[in-house]
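Quick look at what Swiss-Prot lists:
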type	residues	note
REPEAT	258-292	repeat 'PPR 4'
REPEAT	293-327	repeat 'PPR 5'
REPEAT	328-358	repeat 'PPR 6'
REPEAT	405-439	repeat 'PPR 8'
REPEAT	440-474	repeat 'PPR 9'
REPEAT	475-509	repeat 'PPR 10'
REPEAT	510-544	repeat 'PPR 11'
REPEAT	545-579	repeat 'PPR 12'
REPEAT	580-614	repeat 'PPR 13'
REPEAT	615-650	repeat 'PPR 14'
REPEAT	651-685	repeat 'PPR 15'
REPEAT	686-720	repeat 'PPR 16'
Amino acid sequence: MSIMLSISRRQNSYILLNHSRFLRRFSYDVDPRPEIKSESQEFVVVKFVKTLQNTPQHDWASSESLSALVVSSSSASPLVFSQITRRLGSYSLAISFFEYLDAKSQSLKRREESLSLALQSVIEFAGSEPDPRDKLLRLYEIAKEKNIPLTIVATKLLIRWFGRMGMVNQSVLVYERLDSNMKNSQVRNVVVDVLLRNGLVDDAFKVLDEMLQKESVFPPNRITADIVLHEVWKERLLTEEKIIALISRFSSHGVSPNSVWLTRFISSLCKNARANTAWDILSDLMKNKTPLEAPPFNALLSCLGRNMDISRMNDLVLKMDEVKIRPDVVTLGILINTLCKSRRVDEALEVFEQMRGKRTDDGNVIKADSIHFNTLIDGLCKVGRLKEAEELLVRMKLEERCVPNAVTYNCLIDGYCRAGKLETAKEVVSRMKEDEIKPNVVTVNTIVGGMCRHHGLNMAVVFFMDMEKEGVKGNVVTYMTLIHACCSVSNVEKAMYWYEKMLEAGCSPDAKIYYALISGLCQVRRDHDAIRVVEKLKEGGFSLDLLAYNMLIGLFCDKNNAEKVYEMLTDMEKEGKKPDSITYNTLISFFGKHKDFESVERMMEQMREDGLDPTVTTYGAVIDAYCSVGELDEALKLFKDMGLHSKVNPNTVIYNILINAFSKLGNFGQALSLKEEMKMKMVRPNVETYNALFKCLNEKTQGETLLKLMDEMVEQSCEPNQITMEILMERLSGSDELVKLRKFMQGYSVASPTEKASPFDVFSLG
């Protein structure tokens, strides 16, 4: 199949020379750089070169000694003339010798071979010249004119060099003029490479398709795959799907991509969430028994490990074993790391023992290193098996080339901190120093974090300051941990102190630190300081997240600062942050407290337009607002709307709001009716429910109802609180009532006349 026409349409960089085709083959297959082992041949080469160097070039043709050497040398291997040409050291001498040899070629016993090999050496010199174009064209013309067959090496050199000079047509001409039986895989590989590098993808694939045919005389080899796959992926010449199909076609010839390329491709597929496709590629290559190594499998194992797909990891390792692909030290690391992360430490230890000491495909032995030991020690610490972790550390110290490092000790420190053994963690730091391993910032952060989690903020501060004296400086994580800890105990002053210290230390705060400070300041209602931190956050190039906006809006609503509330909402809109249910609920509550029901309705409508359904908190805020201004009819209307038109059902809080409102108005019947409705709808009343009802009752006229409600609390295990006791003490002032109150406090029924007295009553009543 000719590819000349398709190329000539697109490239006119070189006008093809119009020569008639050779009547004979135009190539000669010879090893490119043969070694001359015979001493007599080496003697001939040395003697010939010395004679040439000692004879003026214009006297070569008439030199009888040189003529005699040509005759005597021709009885040796034709390789002699290749070596002689090569040793002349320059293109000018090499071409002159070739022309001399051609003139004397009638004296050569194996003329074609001798001239072919000598010409190959001249071509090698020409290609290394500063401007080789004309020289290479001349040599190619000489070969055609004199019917000197090119060696395979010379052919490949011409195709490659013409291609590099942008003379792709000339490269193809050299290839096309070869006899078909001389277009072997080596030559085709060079042609495909030249065409791909020059962007002639279709033409390259015409040559490649011939190689990939099932009965191809010259099938692809590993070099073919390397050339094609590297170029098409690097230049994005084919889609992933077409590359996968191409790999399959190579696989059918028993050819696999080189391990480095295949590993990168598998990794790319995994990164694009195509682990199943990566699996299929490796399965196809294994099915066709192509030579494979561990790295591509490691790439897929890493992906499966990140997804914690241990079952498929196990299947893949079994497949590797079936086709005799030996795992390597990286495989070991991936397996034990995944097993440890999934808390399957015993299996990780088992794999560790089974694989270490085994030989890899390159003949090396899998040896445990510090990373493996650190992974296992960390895994043991994460599941609280600290004693075994310590034992593994002792074993690690005895292992060759496995010296514990800061990571090792930091894993142990983290384990002890997780277990709350802070003093032991500090002892490990001392052991680090004894082993001449310097604690680092991770060490500091681990212990500071552990102390802060276990309510040891002061301990954390002392430890951090001691480490600073030893030259170990904190980083953003250190300060963020301390700031979070201070905010969690509402010690905002100290949080701001550590914020200032962080700036002094040259650490740039990240958004999380600003969010922590804003949260802490909002909790203690320090709006001016919160605004200052927001300004610092924006100066640092950060923006508020939705949670921070909601906290600030809540703070300004509590402070009745409507101006700042609107400012925050405007800022949110500029930043492209859409309000969520929390934002709307906060605003609805704010407007409700200010009796601005028009804005409340507008907010609820806007909420629905934004695709947000009002939540139970939304309804609670509005109902509470109506109740607070005595608009109980509107509150009940909205309450009933919840059951009819909304997916949100009233909860205990909403019922309590209404019960409390009716109780304040002395409407016990309506309040009690709502409590009974709670029972029917399986909404559990709490102590606030009963407190509201108790407040509405008068012991003299409604004493029996009061006692029944007390019994109901006992039945539902609803614990009374201080407010309950204060209300009941006012309602039950007589001696009999006080006995009942005491029984109620002890968890006994008080209304039933058949209720047995507690055996302890005799003592408690005196």
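Quick reminder: no glycine exception, Cβ is built from N, Cα and C everywhere.
Across the residues of the repeat 'PPR 12' (545-579), the predicted structure has a mean pLDDT of 92. In the repeat 'PPR 16' (686-720), the DSSP tally of helix, strand and coil residues is 27 helix, 0 strand, 8 coil.
For the repeat 'PPR 11' (510-544), the number of residues in each DSSP class (helix H, G, I; strand E, B; coil) is 26 helix, 0 strand, 9 coil. Here the repeat 'PPR 9' (440-474) has Cβ contacts under 8 Å with residues 406-407, 409-410, 413-414, 416-418, 420, 422, 425-426, 429, 432, 481-482, 484-486, 489, 502, 505, 507 of the same chain, all six or more residues outside its ends. Beyond its flanks by at least six residues, the repeat 'PPR 14' (615-650) meets 581, 584-585, 588-589, 591-593, 595, 597, 600, 604, 607, 657-658, 660-662, 665, 681, 683 of its own chain at Cβ-Cβ distances under 8 Å. Through the fold, the repeat 'PPR 13' (580-614) approaches residues 546, 549-550, 553-554, 557, 565, 572, 621-622, 624-626, 628-629, 634, 646-648 of its own chain, all at least 6 residues removed from its boundaries and within a Cβ separation under 8 Å. For the repeat 'PPR 10' (475-509), the DSSP counts in helix, strand and coil order read 26 helix, 0 strand, 9 coil.
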